[in-house]
Every structure is written in C-alpha cells, then in structure tokens.
C-alpha cells in the first residue's frame with residue numbers, strides 16, 4: 001500500500017563531507033571500527049585526493065536538531081544523525097568535486113579537473129527514436145545485471161554487526177543499489193525483536209524533502225549509468241502520463257506489456273520479464289525484525305489499471321496538473337500529508353488535485369501512478385524495482401527545478417518538460433549536512449520552520465540548503481512543446497454551397513532554463 005510517514009530533518013549546507021552509502025572501500029572491519037570513511041583517490045593515491053586538492057578527510061558534522069514528533073525515539077535506529085552510527089570521519093570535497101573519495105565531478109561539470117560545464121535535456125520517452133529507446137532499455141538492463149564495483153548494501157544493523165566487528169554487507173547490481181536506497185530511506189524503524197517496529201517514519205516522503213530527495217536520487221542513478229556505459233551524454237527520459245487512458249509505456253518496446261498467461265506478470269517479449277526484484281517484502285522483514293538482505297524475491301509484478309478505483313479513479317489529468325501548479329505555497333501548515341493548499345503535498349499525491357485539501361480520500365498526481373500500476377511499484381519500499389519508476393519520477397522532477405524559490409505562477413506554462421533534474425539526493429550514504437548531493441538517502445528537512453517560512457505570497461527560502469539546490473539546478477534545461485491548431489472554414493454560395501475546412505497544426509519546440517532563484 002502506498003502509505004508512509006515522514007521523519008523530518010536537518011537542512012544541509014553547501015560544501016560538506018561527501019561520501020556514499022556504503023562505499024565498498026569503507027565496508028570493512030577496519031573502517032567500521034575506526035569509524036573513518038576516507039578512501040584514497042586513484043589519481044594520486046591520497047585519501048580524498050588531498051594531494052591534488054580535491055578534498056580532505058574531516059570530522060562529520062551531524063545534525064543536532066531533534067527529529068519530528070512522528071518519531072519519538074532516540075538511539076534506536078542506525079539512520080539517526082546519519083552517518084554517525086557507522087562513520088564519524090568522511091571526505092569533504094572541494095570545488096566541483098564530489099564522491100566518496102572526491103573522484104567524481106559535481107552534477108553539471110566534467111573533465112579531468114571538473115571545470116567544464118555541461119547542459120543536459122531530459123526528453124519525453126515518446127520523442128526518442130527507436131534506436132534511442134533500444135539503447136535506453138539496454139542501459140537499464142546492463143545496470144541490472146552488472147555488479148556495482150563502487151558500493152555495497154548493508155544487510156544487518158550496527159548492533160547485529162557487533163558494533164563493526166562483524167561487517168554485514170552484500171553485493172548488488174548498479175541498478176539494485178538504487179532499489180535498496182529507496183527501501184532503506186523509507187523502511188520502518190526496527191525497535192528490537194520480531195514485529196517490534198515503528199511504521200510512522202520515512203526520510204524521503206510526506207515532507208518538503210520529497211521533491212529534492214528524489215531529484216538528487218535520480219541524478220546519482222543517472223550518473224552511475226553514465227559511468228557504467230561510458231556514455232556521458234546519457235540523460236533519463238520521462239513519461240508524461242497526463243490524460244493517459246492506460247499505461248501507454250507498457251509495451252514490449254518500452255517498459256513491458258502484460259503477460260498473456262498471467263496479467264500480474266510482464267510479457268516474455270520484454271527484457272524486464274526476466275528481472276528479479278529485491279527489498280519488496282516489508283511485512284516479512286518487520287515480522288522477523290530484520291533488514292532486507294538484498295536477495296532476489298521473484299519476478300517484477302505489474303497489472304496496470306486493475307487497482308482500487310475508489311482510491312485512484314484514473315491517471316491524473318492535465319487540469320489536475322494545472323491546478324497543482326497554480327498552488328502558491330510550496331508547503332503549508334504541518335508540512336505533511338495533511339497540509340492544505342500545499343504544492344508539495346498535492347504533487348506528492350496526498351492533497352486533492354481539484355481542491356488542494358490534504359489527507360484526501362483519493363490519491364492523485366505522483367501517488368496515483370504508483371497505485372495505478374498495481375504491483376511492485378505500488379509498494380513504497382520496493383517501488384524502484386520497476387523501471388517505470390524512473391520515467392515517472394523524471395516527469396515529477398520536471399516540476400522541481402526552481403520550484404522552491406520561483407513563484408509557482410511563473411511555471412504553469414512548463415507543460416512538457418525536457419530538462420535534466422539536478423537537486424539534492426540523500427543517501428548514497430552521505431551525512432546530511434553540506435554537500436546536498438551527497439546526503440543520500442536520509443535527506444532530513446526540518447519542518448519546524450528553521451529552514452523556511454510559508455508566506456501568503458509563496459514560499460520564502462531562508463535555508464542555505466535550498467540555495468544549494470538552486471545551484472545544482474543551474475544546468476537544467478526544459479523542452480517546451482507548444483501545439484497550435486488553426487481551423488479555417490470558407491463558405492462559397494452559388495447555385496451550390498461548398499464548405500471547405502482547413503486545419504493546420506504546428507508544433508514548436510524550444511529549450512528553456514528553469515526560472516532562477518533571486519533568494520539571497
């Protein structure tokens with residue numbers, strides 16, 4: 001069921017310690033016992049590339065603000081004050097460098113010294129050529145079937161690891177690193193023992209951080225596919241699901257058609273029919289009081305449209321998207337799923353897309369697509385197993401750039417995105433403090449008003465973290481497609497009357513950058 005709570009959290013400042021969850025080089029007994037994750041950069045052999053000025057090893061500056069009232073515990077969950085349970089020293093990267101060892105370039109930069117800028121355009125998946133579609137699917141399949149050489153995933157709690165003496169990690173594919181991330185950030189808190197869990201907690205949903213978390217998440221995922229394939233021009237496409245009567249990406253040429261033998265499975269004509277999912281059984285983990293161990297759990301499941309129609313009557317309409325974009329406040333009131341007239345809550349799917357009222361009895365926008373898919377994608381923790389997740393969130397992300405600082409009314413015309421998302425992610429393990437792009441997956445945005453204040457005329461940004469987000473979106477481009485239809489009718493009356501109707505349709509596509517923040 002698409003239901004979860006949030007745990008709110010700390011704002012992040014630019015230029016912070018930068019490491020991912022969990023770097024393979026830090027998944028050792030020695031690293032865990034020393035609590036230091038400062039891998040060497042292969043370029044010069046020094047920790048964090050310090051000899052080349054790329055970064056240096058420093059103490060983690062963990063958040064000190066309390067968690068939200070939805071999580072009334074302290075010292076029981078490994079994600080609290082991330083990543084202090086595992087590491088208290090990590091790499092802080094300088095300039096345009098990032099990564100667990102400062103070996104990568106920040107988003108929007110490339111080159112040996114990360115000083116060359118690059119702009120990317122995220123395109124509608126239906127605008128791709130047949131060759132481009134085939135390449136996209138082959139890249140995803142390669143990522144699914146190639147073990148990550150950079151990261152491993154944790155399969156036990158720190159306590160189960162005997163405080164680091166007995167490391168518990170598993171190898172997974174490049175794709176499944178990100179499936180696991182989404183599971184780990186949204187999983188329930190284990191309080192000790194079978195069935196003893198706290199379900200009202202989530203580090204990436206039902207809060208202001210929903211949009212920026214998922215943007216940075218996509219950026220890292222996109223970046224790792226570039227590194228895997230060597231195709232540095234790769235950009236994830238999106239699926240514009242407005243007014244779609246059904247899942248029009250559910251074809252064997254794209255995300256996989258329905259199996260003729262079992263409507264809950266994918267057609268054997270799709271490469272995705274052979275995929276095995278991980279981290280998709282939260283109930284079983286909770287019952288046993290354990291973490292997902294990243295083992296395979298069967299095939300990808302999807303039965304679009306055969307869901308509870310009382311919960312989601314149909315896919316979102318253009319009118320509902322337009323209404324949501326017309327909401328002036330980024331977030332309001334309690335800044336959770338009950339928030340009224342909140343852009344974030346309505347876009348996330350818990351505000352009614354026709355009234356803006358929170359705690360809606362029917363889900364819309366983002367959540368509606370998850371429910372509509374009626375399968376693996378409908379479970380929050382395991383939803384990223386389905387490749388439709390990427391197309392869907394790339395489309396949701398089109399509404400994120402500049403959203404936090406630009407008047408929403410300025411973005412209503414952004415009806416056909418084609419821009420690459422660049423915002424904060426949270427977790428590839430990074431402590432949420434300064435490099436927002438490294439905070440993964442625990443972006444903990446404070447809802448107490450420390451980072452932002454809601455005003456009548458929109459959302460005023462006072463948090464440096466939000467300004468960092470704006471910097472990260474500076475390379476975003478959008479493709480706007482406008483279609484104009486002109487109909488001319490000419491009537492000539494002689495002895496006979498002839499009526500001629502001529503219809504001309506013109507489509508114009510141009511590239512625009514998102515509106516730029518003026519906040520200081």
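Here the Cβ of each residue, glycine as well, is placed from N, Cα and C on the backbone.
Listed in TrEMBL for this protein:
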type     : residues : note
COMPBIAS : 488-513  : compositional bias 'Basic residues'
DOMAIN   : 205-222  : domain 'Tyrosinase copper-binding'
DOMAIN   : 386-397  : domain 'Tyrosinase copper-binding'
REGION   : 488-520  : region 'Disordered'
SIGNAL   : 1-20     : signal peptide
Task: Within the domain 'Tyrosinase copper-binding' (205-222), residues counted as helix, strand or coil by DSSP - done: 13 helix, 0 strand, 5 coil
Open item on the list: Based on DSSP, tally up the residues of the domain 'Tyrosinase copper-binding' (386-397) by helix, strand and coil.
Closed with: 10 helix, 0 strand, 2 coil
- [ ] For the domain 'Tyrosinase copper-binding' (386-397), provide the mean pLDDT of the predicted model.
- [x] 97
